[in-house]
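Novice: This is the structure, below, for whatever I ask next.
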Amino acid sequence: MPDILVQYEAEIWASIGKTFVMVGVSILAAILLGLPVGTLLFLCRKGQKLENRIVFSILNLLVNIIRSFPFLLLVVFLIPFTRLIIGTAIGTAAATVPLSIIAIAHYSRLVEQSLLDVPKGVMEAAISMGASVKEIIFKFLYVEARSGLVLGLTTSIISFISYSTIMGVVGGGGIGDFAIRYGYQQFKTELMIYMIIIMVILVQLIQFTGTTVSRMIDKR
Amino acid sequence: MIKLHNVSKSFSRFQAIKSILLTINKGEIHGIIGASGAGKSTLLRLMNLLEVPDEGEVEVNGQKLTNLSSKELRQARKSIGMIFQHFNLVANKTVYENVAVSLELANFPKKERRSRVLECLQFVGLESFVEKYPAQLSGGQKQRVAIARALANNPEVLLCDEPTSSLDPNTTAEILGVLDNINKSFGVTIVIVSHEMEVIKSICNRVTVMAAGEIYDTALIEPKGIQNLDNSPRYFIEQLTKDGDLDHA
Ligand SMILES: Nc1ncnc2c1ncn2[C@@H]1O[C@H](COP(=O)(O)OP(=O)(O)O)[C@@H](O)[C@H]1O
Ligand SMILES: [Mg+2]
């Protein structure tokens, strides 16, 4: 192993750990909240089972606003909210708040897109069989859209990694922050390049896994 | 068995169904024929309230569907099977799972599910396809799965929207044979929407001719042909007389 990596080994591992925490919480937020929000966006559309213009418009606007914020400004803008929830606006835990917000908005849009790909006829068959809304979602929609949902999550996770790299501004740490502080600000270019390599490998692994899984579960 | 009482349906300002009165008797195979856009599918979809009428009453199986709560309606739909032109199977479920899901929705006893699914698949001749996915089946086989799915809960009524319109003539005859068999074996009332006279003539007892959202006529189809068709659109009269079996009253 190159000397410089040995020298900074502990810090590097700590940074990787923080990136995993930030991205991990984002993934949880995406699944636990982004998936339902995206499903609601889909179901509230015109002609769908829960057609509701008001709910759709509000969710749609909210998702658009969050996604159109330059992420750095969103982080700053959310500081009071973060302080309210976590008690502080600084540190890795605090960094997970804006990351989760963008994660929900990001993934919900991709969920909506995947669900739009489910043939309308499948929904009609479900309704004609007497399925409830819950049954339509879990026994039909998610089953039929599952490969798109997995691919969307893969795309989202890769974006979350990218978003997480700027969390140094609120002391969130992580690989990106480490690369900037040591590699860029202290002119250790070699170290920065190694960090970039780690990120590239990580992204490749995630993309490969996502693509493979989505292909395996796609029987269409 | 099915009664539509002055039922109307509009899409934005376009009136697709114009105050229709129609009774379909228990145990019959009833055809609905008409040109594309006549409102056949809309009429059929009113029979399980996939389309909610703007006015009028829909009665199926002695129940006024138009008066039911959404929960009661879901319950009622479990005894109204439906099949479609494009089959509408869940592509990510196996043949077995596609049929089983309709039993799950109806809370069919868990222990008896497997044997019921296999029984239905056997009826349509697909018992050896349980682990296949729809993408691995031909059109005719997909429609058989859809029929098995619709049949699983012992429906009183089976609604068919152009069930053979994307199939070749041989497969069409096979599927019509299956539907006829369902009617004869289980006494299921069947409604078939089609734009093909051949389909209607080969298995229906009665036919309703539609044009522009209205019923032109309803006629009996006796073994020797179609009877008492008074004022149907010329196109269909021509179709019928061409084959020399229209005994016009
Ligand atoms: N969901 C809908 N929205 C708007 N117009 C519709 C809708 N469904 C049907 N129509 C219109 O109603 C008319 C009848 O349609 P349909 O019942 O599908 O006819 P058919 O099955 O006889 O071809 C057509 O003109 C069609 O364009
Ligand atoms: Mg039609």
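The backbone N, Cα and C atoms fix where each Cβ goes, and this holds for glycine too.
Straight from TrEMBL, here's the annotation block:
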- A:16-207: domain 'ABC transmembrane type-1' (DOMAIN)
- A:20-43: transmembrane segment (TRANSMEM)
- A:55-79: transmembrane segment (TRANSMEM)
- A:85-105: transmembrane segment (TRANSMEM)
- A:149-171: transmembrane segment (TRANSMEM)
- A:191-210: transmembrane segment (TRANSMEM)
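How buried are these features, and what lies next to them?
Specialist: Using a Cβ-Cβ cut-off under 8 Å and counting only residues 6 or more beyond its ends in the same chain, the transmembrane segment (A:20-43) has close neighbours at 49-50, 55-56, 59-60, 63, 92, 95-96, 99-112, 114-116, 133, 137, 141, 149, 153, 156-157, 160-161, 163-164, 167, 172, 174.
Within its own chain, the transmembrane segment (A:85-105) is flanked in space by residues 18, 21-23, 25-30, 33-34, 37, 62-63, 66-67, 71, 74-75, 78-79, 156, 160, 163-164, 167, 170-174, which lie at least six positions past its ends and keep a Cβ under 8 Å from the stretch.
Taking Cβ pairs closer than 8 Å, the transmembrane segment (A:149-171) reaches residues 19, 22-23, 26-27, 30-31, 34-35, 71-72, 75-76, 79, 82, 89-92, 94-95, 99, 102-103, 106-107, 110-111, 113-114, 142, 177, 179-181, 199, 202-203, 206-207, 209-211, 213-214, 217 in its own chain, all 6 or more past its ends.
Long-range contacts of the transmembrane segment (A:191-210) within the same chain, counting only residues at least 6 positions beyond its ends with a Cβ under 8 Å from a Cβ of the stretch, are 2, 4-5, 8, 12, 15-16, 150-151, 153-155, 157-158, 161, 165, 175-176, 178-180, 182-184.
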